Amino acid sequence: VSLSSPTLYPLVSCEGALTDGNLVAMGCLARDFLPSSVTFSWSFKNNSEISSRTVRTFPVVKRGDKYMATSQVLVPSKDVLQGTEEYLVCKVQHSNSNRDLRVSFPVDSELPPNVSVFIPPRDSFSGSGTRKSRLICQATGFSPKQISVSWLRDGQKVESGVLTKPVEAETKGAGPATFSISSMLTITESDWLSQSLYTCRVDHRGIFFDKNVSMSSECSTTPSPGIQVFPIAPSFADTFLSKSARLICLVTDLTTYGSLNISWASHNGKALDTHMNITESHPNATFSAMGEASVCAEDWESGEQFTCTVTHADLPFPLKHTISKSREVAKHPPAVYVLPPAREQLVLRESATVTCLVKGFSPADVFVQWQQRGQPLSSDKYVTSAPAPEPQAPGLYFTHSTLTVTEEDWNSGETFTCVVGHEALPHMVTERTVDKSTEGEVGAEEEGFENLWTTASTFIVLFLLSLFYSTTVTLFKVK
């Protein structure tokens, strides 16, 4: 009897919409195999195994002179919607060969994104040095979830200062599943006042959706698209330094604020103490407001969900947005390098710039601080770039921070320490110290190499002279 390997086919349930309240049934059909013994198993996209409790394998059925069998797995749609999974992997073991098959999740319907950009209020620029604020781009109501967001300034792609959050499932009841994504771009006040044109470009299913904004947009008479809500997750720096997580719910495009209420609640419905702050009226006659609440850092790090609820007389029903710490991003600790000032700069005897290079970390949230003789320096003493993707390492990021000190401080032997905080580090923080002696070590190595070469050269010359002398004496003796 000849052996026959199974041929695999994907099976997807056609019943019901992909919503938070039901299960997604995925199936795998194996046909035309011989002998009849076959074993099914399932795994996620990242190769983690699916519990056998959710897997059901049906009896083998004879079809002609060969056999067929099916396996079914039930996955909570909530996990599917809030994760990054695009497919499951059906694995079939057979005596003749092992086969794998990708089974993609169903897409109820194809819906384009609604793209909006929040313009920063004039008083939102802050910083003792270069004053900065953020543009926020949000794409909502789209399906399927595959999407990308990029920023342009005056038609040129912006690579730095961009922070894009993972795609999230929108909270809703019945109906097709839709998703949302938000991206933030850090801008300087001088660039904003220079009338630069910023574009948020959303690529969904190969179609571009552009939204342009500039300072002149503040004076636009275009009607407001309606109240917008942007939940902002706490940064790692705030969580690590304060040991608490600050949740921010930003509400924009308010025509009035008398009936506004912003509240935060934990996953079990327990209300959190929420402080609400309302800005002054913007040039387009709208208001913005923020609702802030603090929770324990441990609760945030554990992945607990928190919901912001906004009510207003202009809203037909409350707007709710849920956030939690993303777990899908792979963690990778940073490598930290501290570089002393360049000799060319020290020759000028004006200032000394120390650089801290932080490479190869994930997720992108990181903080960098500087210390002098163990004491923290004010943030206006140094400049840290926004995390940017590593060109040769997809999924990893890098940043650098430059500290400028006086030439006198550097030459006097002052020590400067770069402190880096990141959630993937063993103790959440690491540091590297540099001083004039570090520069000396580099110089000493170079000087030692030069001295070694000089000594070696001398020995080589003496050896050649002695060899020449010996040869000459030998010739005279022969004669």
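Backbone N, Cα and C atoms are what each Cβ position is placed from, and that goes for glycine too.
For 1-106, the entry in Swiss-Prot reads region 'CH1'.
The N-linked glycosylation site annotation in Swiss-Prot covers N46 (among others). Here N46 (N-linked glycosylation site) comes close to no residue that lies at least six apart in sequence on the same chain with a C-beta under 8 angstroms from its C-beta.
According to Swiss-Prot, the region 'CH2' annotation covers 107-222.
Within the same chain, residues at least 6 positions away in sequence whose Cβ sits under 8 Å from that of N114 (N-linked glycosylation site) are A139, T140, G141, F142. Residues or ranges marked as N-linked glycosylation site in Swiss-Prot (evidence: sequence analysis): N114 (among others).
Around N212 (N-linked glycosylation site), the same-chain residues at least 6 positions away in sequence with a Cβ under 8 Å from its Cβ are L197, Y198, T199. Look at Swiss-Prot and you will find N212 (among others) tagged as N-linked glycosylation site, backed by sequence analysis.
The helix, strand and coil residue counts that DSSP assigns across the region 'CH3' (223-327) are 12 helix, 49 strand, 44 coil. Look at Swiss-Prot and you will find 223-327 tagged as region 'CH3'.
According to Swiss-Prot, the N-linked glycosylation site annotation covers N261 (among others), on the basis of sequence analysis. All protein chains included, N261 (N-linked glycosylation site) registers 14 other Cβ atoms within 10 Å of its own Cβ.
What Swiss-Prot lists as N-linked glycosylation site is N277 (among others). Counting only residues at least six positions away in the same chain, the Cβ atoms of A289, M290, G291, E292 sit under 8 Å from the Cβ of N277 (N-linked glycosylation site).
Taken from Swiss-Prot, the feature N-linked glycosylation site applies to N284 (among others), supported by sequence analysis.
Residues or ranges marked as region 'CH4' in Swiss-Prot: 328-458.
Summarising the annotation, Swiss-Prot assigns transmembrane segment to 459-476 and lists sequence analysis as the type of evidence.
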C-alpha spacing of N261 (N-linked glycosylation site) relative to N284 (N-linked glycosylation site), in angstrom: 22
Tally of residues which DSSP labels helix, strand or coil - the region 'CH4' (328-458): 36 helix, 53 strand, 42 coil
For the region 'CH2' (107-222), residues assigned helix / strand / coil by DSSP: 13 helix, 56 strand, 47 coil
